[in-house]
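Student: I am attaching a structure below and will ask some questions about it afterwards.
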Amino acid sequence: MGSISAIHHIEFIVSNALQSAYWYCSGFGFEKFAEKITDESTSIALRNGTARVIITSYNSQNIYTDQLIKHGDFIKDVSFRVDNLDAVLQNLVENDIKVIQQSEVSTKDGLVRTATLLSEGGDVTHTLFELGEFKGNFLPFFTPISNFELFENIEKMPAILMDHVVQNYPIGEMEAAADWYFKTMRLKRFWSVDDKVATSEFSAMTAWLLVNDDHTVQVTLAEGVKGRKGKSQIEEFINYHGGSGVQHFALLVEDIISAVQIMKSRSVEFLTIPSQYYDNLEERLSKTNLIVKEDLKMIRELNILMDFDENGYLLQIFSKPLQDRPTLFIEIIQRANFKGFGAGNFKALFDAVEREQEKRGTLF
């Protein structure tokens, strides 16, 4: 009681909602299905599987457009579903956590109650939704719309759900942020990666994975490490984003090879992984009894990362930054009886992003 049960949706603030919606539909298989238009803003709702994304743009200057100038297009809200909002609110009162906005909307489709919190140390908010028996298309005030016609007539790129989100923090602020999540949402620390793993000659980082009791909500927090001669990828994000924020979210898919092939055909670019990584992977796999149904040659060719244990494996791949600023990217992930988080790939991912930093000239 009094905890979150699932990611409901994420919301972007962008300069042009229609153009951004088209890009995410084109590259990542989303479809637009609902919209909310007011005198002040346009919001377009996208879906792929149960993953939901709202793309919002504003028509006049306000606090959100000021944040847009600061961050560029960015994820403003990571929303969660709760079963008992009253219990959550009581927990917030007990922990002296401020609710910045509450609403209760009753429509013919049912009752929706919300509470919005400002996260620790940044502009990201979390809206908590108690939906009960609500049977609407999406949320109150959103009306159904058709998808872009083009994407109704080309190959689909189906996702299952939104697997997790990752947020970056300035050096020294991650633990306070984690404590905020412990108190507000009753998340727990599941594992961590320190600067002995995510490290190079030039930079380092540390990260904590926070989960709810059922592991249906996974939030990773990351920060850079002091004392290195270069600038960590987390510090690069902080500089370009103008502070802490959501670095990426992950879409869970059933067939990552097919998904990546489709996305690459639509001009989505992914990080490249050295051949040595796959040589080592194949050697490690040869010493186990694990059966991998995917073609390892295709995994190598597509630059897909793999982590495994005695029970199963995980496949994951990371896009290059999706915007002019090297901030937001998207992860595609496939799980085969594997509940871990790709900890074995953290070093490979760290090195791949650092190589991109070096190309951009932002490592020093």
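The backbone N, Cα and C atoms fix where each Cβ goes, and this holds for glycine too.
From a predicted model like this one, the values you see are computed outputs, not experimental measurements.
According to Swiss-Prot:
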DOMAIN    6-134  domain 'VOC 1'
DOMAIN    161-320  domain 'VOC 2'
BINDING   HIS164, HIS248, GLU331  Fe cation binding site
Student: Mind checking how the domain 'VOC 1' (6-134) divides into helix, strand and coil residues in DSSP?
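Tutor: So the domain 'VOC 1' (6-134) is made up of 31 helix, 65 strand, 33 coil.
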Student: List the same-chain residues at least 6 positions away in sequence whose Cβ sits under 8 Å from the Cβ of GLU331 (Fe cation binding site), in sequence order, or say none.
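Tutor: For GLU331 (Fe cation binding site), the qualifying residues are ASP163, HIS248, PHE249, ALA250, LEU251, GLN316, ILE317, PHE318, SER319.
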Student: Taking the centroid of the Cβ atoms of HIS164, HIS248, GLU331 as the Fe cation site, which other residues of that chain lie with their Cβ within 8 Å of it, listed in sequence order?
Tutor: ASP163, VAL165, VAL166, THR220, GLN247, PHE249, ALA250, PHE318, ILE330, ILE333
Student: Return the count of C-beta atoms lying within 10 angstroms of the C-beta of HIS164 (Fe cation binding site), excluding that atom itself.
Tutor: 21
Student: Roughly where does the domain 'VOC 2' (161-320) sit in mean pLDDT, to the nearest integer?
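Tutor: Residues in the domain 'VOC 2' (161-320) carry a mean pLDDT of 92 in this prediction.
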